[in-house]
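Copied over from TrEMBL:
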TRANSMEM  27-47  transmembrane segment
TRANSMEM  144-162  transmembrane segment
DOMAIN    180-268  domain 'SV2A/B/C luminal'
TRANSMEM  286-309  transmembrane segment
TRANSMEM  316-335  transmembrane segment
TRANSMEM  341-365  transmembrane segment
TRANSMEM  377-399  transmembrane segment
TRANSMEM  405-424  transmembrane segment
Amino acid sequence: MGGLCPRMPQARGWSFSMGSAYQFHSWRVFVIVCALPCVSSVVALTFMPESPRFLLEVGKHDEAWMILKLIHDTNMRARGQPEKVFSVNRIKTPKQIDELIEIESDTGTWYRRCFVRIRTELYGIWLTFMRCFNYPVRDNTIKLTIVWFTLSFGYYGLSVWFPDVIKHLQSNVLPIEKIEREKFSNFTVNLTIANELHIGAEYDNGRFLGIKFKSVTFKDSVFKDCTFKDVTSVNTYFKNCTFIDTVFDNTDFEPYKFIDSEFHNCLFFHNKTGCQITFDDDYSAYWIYFVNFLGTLAVLPGNIVSALLMDRIGRLTMLGGSMVLSGISCFFLWLGSSESMMVGVLCLYNGLTISAWNSLDVVTVELYPTDRRATGFGFLNALCKAAAVLGNLIFGSLVSFTKSIPILLASTVLVCGGLVGLRLPDTRTQVLM
């Protein structure tokens, strides 16, 4: 979020420091709390039964049968038919590809066996991957590739950079006062300076004491015999400035804030690392985090609606309709003239796109046969991450100039992907392969 790095005010009550570089505040606890579900998932996976298909591939038929029976009994109890007995007439064992490994295990050395196993596994993965592009699933793979790419590109690209869209809107609302070619001598400033651009100014024997800079830029300016003491700043930069006999005491001016600037006989004391501006000092930081919170909260009703309507209206209708509607809602972001309107449209956009994601996951699983399902799903997820990175790069390079192009691009991509999704075969009433 550019120069913004807000800190929760209430963190002062229980924070602690390790030296001058590491400070433990509430945002670090937030990161730890967010990581707990991932750790819990890893622990939960250890208690989950193995896939019956995998057990059949490795020859553990009895264990596979027991897991299938457990699934059957659980489903029958949920349907109110606990007395129904599980019976299997035959089990089709998947073809194994370990024949070469078995031959080498008796005659080869240990590193030869490892090499053969790795080569055989990679070759098997490659064969399975190529089968995703063979008849009869080739057309489905191509269409799914387009849908996954467009949904990921539009969703992640716009969602990650939406706070900058809000900031861009705020910058258009708040006027920037321009101060050019002025000279200030023998002065003391101890208040807040915000939204100012100083060009070609000269500051002689000035004292900046306990001051807060917010969105202030000094360009082609000269500071002589000045003192900056107890200064905090956000979005403040010195571009092509010259500092002569100037003292910086207890400031948060890090090197990146001085762009192409020169220093002559200057001193730095007790320089503060990290951001010192709090939410109380900088309302825009609080607003950006609050917007993210509302957008994330809007995902909850989207999940509930998709769960209730998925089987009623069909996977494809849910997928294509959600993507088209999210693209249309994204288009209204371009027409937004106020922050409240844009936040409302963002919540609608997030709720619609999460319905599309849920539908796409179900459709992808049901369109692939069992022997290609995991490989196809893994390939499309990898493509999804690549599209997300590409979307972030493209949107990030455009959002600093204008909000129109990123929003229109995301809207167009989502609508096109939704129309392609409607062309996928309906799997609602079909028996899975």
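We number each residue from 1, going along the chain as drawn.
Placed from the backbone N, Cα and C atoms, the Cβ positions cover glycine too.
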Selection from 27-47, 286-309, 377-399, the stretch that has most Cβ pairs under 8 A to the transmembrane segment (341-365): 286-309
The domain 'SV2A/B/C luminal' (180-268) - residue tally per DSSP class, helix then strand then coil: 3 helix, 61 strand, 25 coil
Contact between the transmembrane segment (316-335) and the transmembrane segment (144-162) (at least 3 Cβ pairs under 8 Å, separation 6+): yes
Cβ contacts under 8 Å made by the transmembrane segment (405-424) with residues that lie 6+ beyond its boundaries: 140, 143-144, 146-147, 149-151, 153-155, 157-158, 161, 165, 316-317, 319-324, 326-328, 330-331, 333-334, 353, 356, 360, 363, 367, 394-395, 398-399
Interface-richest range of 27-47, 144-162, 377-399 toward the transmembrane segment (286-309), CB pairs under 8 Å: 144-162
Chain residues outside the transmembrane segment (144-162) and at least six past its termini with a C-beta under 8 angstroms from it: 291-292, 295, 319, 323, 326-327, 330, 346, 349-350, 353, 356-357, 360, 363-364, 367, 376, 380-381, 383-385, 387-388, 390-392, 394-396, 399, 406-407, 409-411, 413-414, 416-418, 420-421, 424
